Every structure is written in structure tokens, then in C-alpha cells.
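Colleague: Per Swiss-Prot, the feature active site, proton acceptor maps to D592. The compositional bias 'Basic and acidic residues' annotation in Swiss-Prot covers 46-61. The domain 'Protein kinase' annotation in Swiss-Prot covers 462-741. What Swiss-Prot records for S73, S94, S99, S115, S117, S134, S750 is phosphoserine.
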Amino acid sequence: MMEELHSLDPRRQELLEARFTGVGVSKGPLNSESSNQSLCSVGSLSDKEVETPEKKQNDQRNRKRKAEPYETSQGKGTPRGHKISDYFEFAGGSAPGTSPGRSVPPVARSSPQHSLSNPLPRRVEQPLYGLDGSAAKEATEEQSALPTLMSVMLAKPRLDTEQLAQRGAGLCFTFVSAQQNSPSSTGSGNTEHSCSSQKQISIQHRQTQSDLTIEKISALENSKNSDLEKKEGRIDDLLRANCDLRRQIDEQQKMLEKYKERLNRCVTMSKKLLIEKSKQEKMACRDKSMQDRLRLGHFTTVRHGASFTEQWTDGYAFQNLIKQQERINSQREEIERQRKMLAKRKPPAMGQAPPATNEQKQRKSKTNGAENETPSSGNTELKDTAPALGAHSLLRLTLAEYHEQEEIFKLRLGHLKKEEAEIQAELERLERVRNLHIRELKRIHNEDNSQFKDHPTLNDRYLLLHLLGRGGFSEVYKAFDLTEQRYVAVKIHQLNKNWRDEKKENYHKHACREYRIHKELDHPRIVKLYDYFSLDTDSFCTVLEYCEGNDLDFYLKQHKLMSEKEARSIIMQIVNALKYLNEIKPPIIHYDLKPGNILLVNGTACGEIKITDFGLSKIMDDDSYNSVDGMELTSQGAGTYWYLPPECFVVGKEPPKISNKVDVWSVGVIFYQCLYGRKPFGHNQSQQDILQENTILKATEVQFPPKPVVTPEAKAFIRRCLAYRKEDRIDVQQLACDPYLLPHIRKSVSTSSPAGAAIASTSGASNNSSSN
């Protein structure tokens, strides 16, 4: 840039230097039309050729120059070079000159022959008349700041021409405003109108020009520098904090990886220990099963023609009990025979002749025949006299001896009866143990034939331990959830590979429906469903809550029945769960309530219960359910017939209508079975027989056996549940409010006045006596 400036023509250098160092005042008349010209045109750097003073006509060059306003009478001021107005003619007027607002005080100029090697020309100090101290000082500072423009241009040669022009124009604006405020600007024949125009221009320039001074700029620069230092310090602090956080994150990541590795090792060790424990339990179960095979019995394969069937053979425990029963029976027969003989020797009462027995009559007939015949030898005489001696010995038994012998025989019979009862109780206990043994044998057989017997981990989460049971198309395994660290029950649904795709789809749809119903349920008396996932195209799994105990059906098979308090507690919990199922939206009918679907948490009848198996549940949505008639039974024939009401067996053109009263009937049947140890309808019948003989359709009234003794309130409750017509049967809401199931009402009755308590006790005693 500097090389380009030095290579310019000296006249152009003078022109460029004059643009930034000197501003002339027009000698021509005031032209109002040129007052709207921008002052920035003074510093414009157009490349267009301009008319210089050398190119002007001679008449203009020979004209005598008027004295400048700042020249005194004694002489002229410091000589100046050509004015900037001599080099430019404005488009606003025909004659050369400037507007009145462009008059500024003259400053020292460099001669046209001044070289650019001296960029800072000498500045002539001129007094500023008519200004106060601050204004004069400000004008002096503004005049002193003018030569800095060339120094900036030379110090920063890379600035473009437009930026230099803008800076020069800004300095010109400052000088114009200062000159307009001075009294010298009002001379040379200017009118008041021109002064007002100058004031307006000055105000306009003050509005667009910054008022910042060097001190303010320095202060701003210092503040900006301090702010910049603060920002840089803050940035450094943030960078250090970021580095610290990154270091902490790296440490946490390493620690997390370490903990993950440790957790994986713990999970691996847990799996190893669980598998080892499961194997030990399996071995113990198989050893016990082998021992029970000899004691309780086992299955043997028997051939019948071309087929083989399994036949049960009792063990030595049953054989010993059977032998003891045979011994007791033989002893009882012997005692009965001796009692008959003792009855023959019973002495007659006082004053009565002993009645002739059959033996005496036979002997008398024999003696009469012997008298007619002659004796042949002495042996015949002994034979004839022996019965006579026996008859005399029978007559010699006294009454005391007879009663003594009779008492002995009674005691012996009582002892045998007691032994027989003990043997019968032991036999029943062995039968229950045998049922468990048979169940365990089947479980072991199914487990050995299962494809999941080697402790696989399903879905990378559930470790299978051992088989709990097997149904028609599913297997239930006890498993361990490695993620939640809890035991669960995994139900594996396996479809038959020979099924058609349509049947598989229906089964899968049915299972998904059960999953959707069960997944939304959350009640303490309902088994929770945790998860659902697929294994392959023919199998999928549902993960359920695990309960240690057995179901109610197993308990009833072991104990036959239970007390009324225990049965009532179970029924209260079942009704509580049914109430929840009917309060949710949409309500749900379980439809398959039975002892096998009621789990005892701790295996006893005095604990908590949970309801499971929602495979046949019915959703009572608005589309299919009517509050008056109920909903159509689309799955007629499904379910357990002993626990279904009569309306489920009605056959007609349209499907039967059902409601939540189906579950109420099931509650009544379960309560009856818990109290009496048998089902109220079709106890010893199969489901096929119940269907063929219409057993449930004929169950118009329930009958109660005399034993065991049950309270009338319990019987009335069962009758309300087992009403034949569904219109007469109570629903679930009424069942939950039944007086028999409300403890506070029963307590209030029992804790009433003493007279009332006495009346209640006497009425209860009379009811018990009548029921007996």
C-alpha cells in the first residue's frame, strides 16, 4: 500500500494529502441548495478526474483573494496551501463553493510539493475567540487530533480507502461543529438565517456523531481489557473445572466398569450356587423317591395283549398295615366265637330251670338210642360219657364267672377297635403320602423329559431351577430373576408343532389376551404378572409371582376339610379380590374359580391366599356387556364343571348370558367343599358324566350333611351363593357386603348387652342341637 502511495504523481499525492489535512472555506456566495450535500463528500476518494487550480482559467487565478476571517489587519496568518474546496466542485450549485455549514477554521497545510515522507505537517495554533475554556479546550483537542489521520493511514497501510475516507469525514464533522459554535463563523456577511441553518446542521451532526473522548475511550478500553481478563480467567477456571469433571467422569467410568465386572462375577457366582443347590435338591428328591418306592409303592409296566400299561404296586408300609388289619380281623372273629360259647354257658336266673340247649337235646336223643343197643366195647362207653361230663361242666359256670369272662371279651374287642382305628388313620396318612409320592414321581419323569432340564437362562435374565408342574400345553418352572434378585414362576407355553397355523394363532391370541388382562391387575390377593416374552415361533413365556405354598386343591386332598373359621377367612380374601376385579374399568369375570387356582402362600389354611390363572377371564366392556342381561358366553364348554352355575350349561339357539354371578356360584361351591370335604354337586362324577347327566342343571337345591357341624349363618350364606336362578342369586357387590363376611357386625352382636349375649348363646345352642 505504501509503495502504491509513493508511486503516485506528486499532484495526486498533494490532492490525497489535502483531502485529509485541509478543509477550505468557500469564497462564493451562500448557496442554500448545496446545503443538503453530505459532508462526507469532502473526504470521498473518487477516481474521477477533477479540475485542479492549475487547470482553471486565468481570470480565476489572477483574481485577488479575499482575506480570511482569521487574518488580522497587521498581516496574514501563516500561509496555507491550496484549499480542498479549490479541488472539488459540488453538484449542488453552478459556481464552485461550499454551503455555509461547511466553513471550518483553517489549519496548517502542507505545500503541494510536500513529500509523503513527512506525513505529519506542522500544525498552526490559532486562537479560538468567543469560546469558553472548555469549548476552547475541546476545539484545541479536536484540532490536535486531525494529524493523526495520516499517521493512522501510514501506520496501517492495509486499511482500504473507504475506511480512511470515513475516518477523515468524521474528523471533518467534529471541526465543522466546533467552528459553527465559534463567533468567527458568523462573520463575512452571514445573515441570521445562515446562523440558524448552521445551528440546525450542528445539531444534526451532534445527533449522529459520538461524544466519546480519549479519556472515555481509554476508560472503556481499560474496562474492556479488565472484562476480557476476567472472561479469560473465567474461561481458564471453566477449562480447569471441565478438565476436573472429565477426570472425575473417567474415574467414575472406570469405577462403573469395575462395578459392572464385579456385578457380573457376582451374578455368575449366584448362578453357579443356585445351579449347585438345585442339583443337590434334585438328587435329594430322587433319593427320597427311590426310598419311597419301596415303602409306598411304584409303577410297574404290565403287558395286556399287544399293549403295555402302567400298574401301581403298593410298598411294604401298606402291606404291613394290611397284615395288621387281617390280624385284627382274625382276633375279632376269635373273640366273637368265644363270646358265643360264653353265652351258651350263661347261668340261669334264680328260680328258673336252665333251658335245654341243642347239644343237650342231641345228647338226650343219643342216650335214648344207646339204651336200645348193646354196648360193643368200653371205648364206646367213654365216648358216651364225655359229652355228659361237658354238659355238667357248663352247668357248673357261676354268674360271677360269666360276667368276668364277658368283661374280658369286651375289653379285648375295644382294644382291637382302637388298634383298627389307628391302623386306618395310618393308612389314610400313607395314602396322602402316597399321593405326594406319585405326584413327585410324575414331576421327576416330566422334568427328565423336558428340554429345559439343564438350567438354561431365558431372556438373559431368568435362571430355571426345577419343574413345578406340567399342564396340557405348558410347563411351570421355579426360576430366579437375576436382575431383580427374586424367585419367580416361569410358565412356558409350548405349542404342538403339528398344529395348523390357525390353531397356533388362536392359542397365541388367547395367551396374549390373558397376559393383557393379568398385566394390568395390581392387588395383594392376585398373583402378579411380571413379564412376557417369546422363545421361538412355537413357544413363549410368562413370568409370574412365586408362592412357596401349594394350592387349595392340594390342601383339601391332604386334609379333606378345614374348620369354619379357616374356610371363612379364605372366602373373605377371595371375595375381596373379586370386588377389586369388578371395581376396575372394564370389570372382569374370572370364570374359572376353583381350589386349584387359589394358592396358599404359606401352605396352610390360616394364612394369605392369592388367585391365579386368568386364562378364561371375561372382560365386561361396554360393547359386549349389558347390565341387565349380562354378556354372551362365547366359550361354552370350557372351565371346570363342578364350579360353574346352571346358566352356563343351557343350550339354545343363542349363547347364554353370564355376569359376575358366575364367580359368586364358584365361591359357594368352594366354601361348601372346604367345610364338608366334598363337592355339593357331582362329587364322584367326572366332567363327562356331569355333562351327560345334566347334574348341574338339576342342582336346584343344596343339601347339607349332618357332619361336620356348621353354623346356620354359614349354611344361609352358601344358599345365597348357590341360588339356582341367577336373578335370585346375589352379585359380587352384594357378596362383599354380606353380613356373614363382615367381622365388625358379628363382633357388635357378640359384644352387646349380657342379656342379649345370653339370648344369642341359647339360640346358638338350640340351632346346634337342631342341626345335630
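Keep in mind that glycine also has a Cβ here, set from the backbone N, Cα and C atoms.
I would like each feature placed in context: is it buried or exposed, what are its neighbours, and how far apart are things?
Modeller: In three-state terms derived from DSSP, D592 (active site, proton acceptor) belongs to neither a helical nor a strand segment and is classed as coil.
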Colleague: Specify the count of other C-beta atoms within 10 Å of the C-beta of D592 (active site, proton acceptor).
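Modeller: Looking across every protein chain shown, the total is 22.
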Colleague: If you average pLDDT over the domain 'Protein kinase' (462-741), what do you get?
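Modeller: Mean pLDDT, the domain 'Protein kinase' (462-741): 87.
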